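Trainee: Below, the features straight out of TrEMBL:
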- 50-442: domain 'Amidohydrolase-related' (DOMAIN)
- LYS152: N6-carboxylysine (MOD_RES)
- 453-474: region 'Disordered' (REGION)
- 453-463: compositional bias 'Basic and acidic residues' (COMPBIAS)
Amino acid sequence: MTFDTIIRGGTIATAADTVKCDVGIQGGKITALGANLGEAREIVDATGHLVLPGGIDSHVHFAQPSGPGIVMADDFESGTRSAAFGGNTMVLPFAVQQKGESLRQVVKDYHAKADGNCYVDVSFHLVIVDTSERVLGQELPALVNDGYTSFKVFMTYEGMALSDMEMLNVMAVARETGALVMVHAENYDAIRFLTDRLERAGKTAPFFHGPSRPIPIEREATHRAISLAELVDVPVMIVHVSNGEAMEEIRRAQQKGLKVYGETCPQYLVLTEQDLEGLNMEGAKYVCSPPPRDKKSQSECWKGLQQGVFSVFSSDHCPFRYDDPQGKLTPKGRTSFRWVPNGIPGVETRLPILFSEGVKKGRISLNEFVALSSTNHAKTYGLYPKKGTIAVGADADIAIWDPDRSVTISQSLMHHNVDYTPYEGIEVTGWPVSTMVRGRFVVRDGKLTGAKGDGEYVSRDKSPLATPSGTGMF
Ligand code: URP
Ligand code: ZN
Ligand code: ZN
Ligand code: ZN
């Protein structure tokens, strides 16, 4: 037996085990694990390195229309390139509907943006904005069956927020079709109320984005989303949870036996509201929703990761250039935080931050790191065991890490198309050095070796985590 590739001498870690063994790869799949596997066209020496399932970032935004005059910095090419350098082999961006738009057309448009342009594999979540009968009755169920098996709904944002009635109707479709609903939980009316008050008081700098959406706004919406899901008896994923109070809502539901899942992100572990203090317009670099909170919230988010309340750790990479009239500093954005596009980049720094702050500092085990960064994403979104693990039969999606390399995160190291990183100056230990997608190196020893088009679109199964519990009220 001759393999295409053998990765030799490394330490393999999955969500369950850590073992020293070699990986045999044939036809883009892992076909053997063990010692003395035999011959290969290429032997990759991984001595002293970790061999991990490639990261799966199940929450990123690329090439999304973001309002008049605003352009998202990363398209599928630069976004997936940055992802590959960050040790990721797959990303799940959103295909976002606009009011009145056919969902079929949305999917077509995003395929046109992505197909042939990606360095790592991709699959889409849908964002449902229009809840008309045509969309919920016909298009959405058909798309779920075609492999678009998750969708996000927003409880805030002009032009995107759904009413409770609309949320219930979308959740009912998920229950009938077996799709997984993701919820952006913030109270829209309360944000508008506070934003008006802040502006009237002349508090318009980017710093006031945080005070316009304090913790009760997120906690209340989290509670409401969970209650609506309980009524419909449908599992839900609460995305980008920023603090302990919202996290406790999720924990309480989980302890009741409800299928409620949680996601948190790097910004809630290493940034705080204070990072914007005294920065004036430069504070726009940190404007995202929900906003980073305080040190106490950071340690509560760590607890959520350690105790399994959060099962996925994603970047919420949502890239806008800072010093650019099409980015954070739009002419309108200079007049009030209200107009600063929300979102920060992070697809390339997600894994080094979690590895360094988590594994190296003893907060989580290496196996928990793999679960939170890859395996649980695959299980949650209908990709497992093709993706998310190192096992015979799985796709050869592998990241090779140098666990001891110390790096100071800096914009000069990034491969995104943003002009800053909000994590500038953070020192990490542990860095992904090579990334292999389906048996081919996209990044090798820190250099781009892949080509756009190496990444493929992946149609997804229904999530085994999305089945209702059978306790519904109708
Ligand atoms: O500020 C953020 N997170 N922007 C991205 C869109 C979203 O809500 O996930
Ligand atoms: Zn969101
Ligand atoms: Zn997002
Ligand atoms: Zn090395």
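Including glycine, each Cβ sits where the backbone N, Cα and C put it.
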Trainee: Per DSSP, how many helix, strand and coil residues does the compositional bias 'Basic and acidic residues' (453-463) have?
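Mentor: Helix/strand/coil tally for the compositional bias 'Basic and acidic residues' (453-463): 0 helix, 1 strand, 10 coil.
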Trainee: Report, as a single number, how many Cβ atoms besides its own are within 10 Å of the Cβ of LYS152 (N6-carboxylysine).
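Mentor: Counting Cβ neighbours of LYS152 (N6-carboxylysine) within 10 Å gives 22.
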Trainee: Let me know the model's mean pLDDT on the domain 'Amidohydrolase-related' (50-442).
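Mentor: Mean per-residue confidence for the domain 'Amidohydrolase-related' (50-442): 98 out of 100.
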